[in-house]
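The following feature annotations were taken from Swiss-Prot:
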type     : residues : note
DOMAIN   : 10-57    : domain 'F-box'
DOMAIN   : 78-259   : domain 'FBA'
MOD_RES  : 258      : phosphoserine
REGION   : 261-285  : region 'Disordered'
COMPBIAS : 261-271  : compositional bias 'Polar residues'
MOD_RES  : 284      : phosphoserine
């Protein structure tokens, strides 16, 4: 004769405490949560819509640490942006010669790839970077056009949440030759109308400099709605008009789409046991999120 059970078996997984269900959901891939689990019942839908779940998933997948103290406007959007987080520029460190770059101007002896530190140069701050692009005695410019939708950033995300777009570039001169470096970054609409731009004045470095690598960084925030493309262009020329490759050296360029870190009214985190759904109904991103899968 079987021993009597001390507690009756659960008739349904929904009888589990909501905290336990939330913990289970942190182990489920986001694709299944949105396309399958969220459709099972209203309880699952409301739990999956909780900011608390997506914060836990961020912690579990290493997007944040336990001591994270920065405010986040929307943990769901934060999660998906971190999932997509990468450098949108291809071949930024010249490892594949000129692959992926559009040559806009190829003056003098043209663009060339060299290995660090190069003649009369210095080591790059990051030892993982091994090569750089170098310009000549007439203008050399190269560019890439990034298609944000093709890279997985859906239109509703770009227009409603407008995540930060962080642009970085590194440049240096040879110690024995002066040069001029320039950078232009433009945010453009679907029909290539420029909506925002960053184009600082050209930087001129004098001859007999210390050849130090310099980082340029700029963040596009609260830009106009409608951004679909990013144009990145950089280059320059030497100032001595010497044959060969004595112009500015560039490498380790990057464009990264990052979550905003400012809390707003959409950032409330309802806890298990509270009423769900109301705080997220106004701007639920799920209809558009599934497009990334």
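For all residues, glycine too, the Cβ spot is worked out from N, Cα and C.
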When DSSP states are folded down to helix, strand and coil, where does residue 258 (phosphoserine) land?
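The residue in question, residue 258 (phosphoserine), is strand (DSSP, three-state).
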Within the domain 'F-box' (10-57), how many residues are helix, strand or coil going by DSSP?
34 helix, 0 strand, 14 coil
What average pLDDT does the predicted model assign to the domain 'F-box' (10-57)?
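On average, pLDDT over the domain 'F-box' (10-57) sits at 87.
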